[in-house]
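For reference, TrEMBL lists these features for the protein:
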type: TRANSMEM; residues: 21-43; note: transmembrane segment
type: TRANSMEM; residues: 49-66; note: transmembrane segment
type: TRANSMEM; residues: 73-94; note: transmembrane segment
type: TRANSMEM; residues: 106-124; note: transmembrane segment
type: TRANSMEM; residues: 156-177; note: transmembrane segment
type: REGION; residues: 273-300; note: region 'Disordered'
type: COMPBIAS; residues: 274-284; note: compositional bias 'Polar residues'
type: DOMAIN; residues: 339-428; note: domain 'Histidine kinase/HSP90-like ATPase'
Amino acid sequence: MSPELPAHLTPRAVSHILAKTLHAPAFILIAGCLVAAVTLQAADPDATLWPAFVAATAMLTTLALLDRWRTLLLTLLHLAAGGAAAYVFIYTLADQIDATILSDEFVVALPTAALILVGGSGAGAASGFRWCAAGFAVAQSAALVALVEARGATRLPLAPVLIFLGVTVVLALHWLARRGDSRVQPRLRAAERAEHLAAIRRRAEVEASALTHDTILNHLAVIATTPTGQPSAALSDQLERDVAALTVLAGGGTRDSRVSDVGLGAGSLGDSGFTDSGHSSLRDSSVGDGARPAPSEAGAWQRTPLFGAIQAARAQGLTVLRTGDPGPVAMLDPDAAAALGLAVAECLANVAQHSGVAEAEVAIDASEATLVVLVIDAGTGFAPAEVPNDRLGIKNSVRARIEATHGTVTVWSSPGAGTSVILRLPFDAGTP
């Protein structure tokens, strides 16, 4: 996932956040105007302060609209209505309340500060500064006219100027930070690309290591069972195809061609004479839970790498019982299907070579999002924690392959109790 927003969305999103940040204290200041009008009216019932309350309410309304829809029209409306409201509020309080009780600083500060924090439309710190400067000019003009008419004062309080300078400093810091971000973003993108390429490279290395491991072991097993003398033409051709497949792998060939060449492709053992069992004497229960995906078209199962792996193991003399509905297997994407076929082939090879039994079960079940495949044998078993790190069978040929497609592998085994390998793969390989 990208560590930043897309370039075309960043200015708009940052401007939106900046406007929200400016509007929050503006709402508080206008609420202070309302509280001041109500409090002063309660303290002096003879004073006519309701125009100040109405003016503050009008400013609050236009600010709420601007906060909801940041458009040029609403920004101009808020400046115009806010300027008029600031004039009415300041004139009313300055005219009705004696200066010895209520100073010019208090009368002017609340509405003018609220108008300075206008935010406005547009994107970026420069746009925010322009609107705040416009708000400052409108607010100061309204305050000057109101104070001159109400009290004859010609000097404006210092508070609005300090507030405007503070907002300017914040916007300037924001602009400088964004400039720094623009220099850092290319480095972040480069680092992201490097990380992505490293993940692809690691996956290719794991796949190459696992495929080489599987191919060499299969060749050694075949050679060990071949009578002494010149190998048959069929065996020689198969060995040459496997070596060619590894050469293609080293040169960046496609996954499909490699899987087909090593004997796990669709129909690679179609003439073996073995049929797929639809029952099991070992287990009679489903592995997963939840509703199953819609069944795939007829014959799709026989074209999956998992079917080829089972047929290949049977051709080597292992009795493989398959239980469950195999239809959902065909719904995996090609990468996940190939990884599953190769991983199950390695599991069945381990059963044939290390378990001491000649029978294994492959149980298949699926939920709406996940395919679950169990490879079970009742052989000698082993202690997973005691497997040396240099043994690549389960580590690379099974676990690394499945995890590369966002799947998981669980191995249950102990000496004398057999082995169960649970493979879980999402139907959407892009979703862990």
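Every residue, even glycine, has its Cβ placed from backbone N, Cα and C.
Give me the local environment of each listed feature.
Here the domain 'Histidine kinase/HSP90-like ATPase' (339-428) has a mean pLDDT of 86 out of 100.
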Are there residues at least 6 beyond the ends of the transmembrane segment (21-43) whose Cβ is under 8 Å from a Cβ of it, and what are they?
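Answer is 49-50, 52-53, 55-57, 59-60, 63, 66-67, 89, 93, 97, 102, 106, 110-111, 113-115, 117-119, 128, 132, 167.
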Count up the helix, strand and coil residues in the domain 'Histidine kinase/HSP90-like ATPase' (339-428) according to DSSP, in that order.
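Counts, helix then strand then coil: 32 helix, 30 strand, 28 coil.
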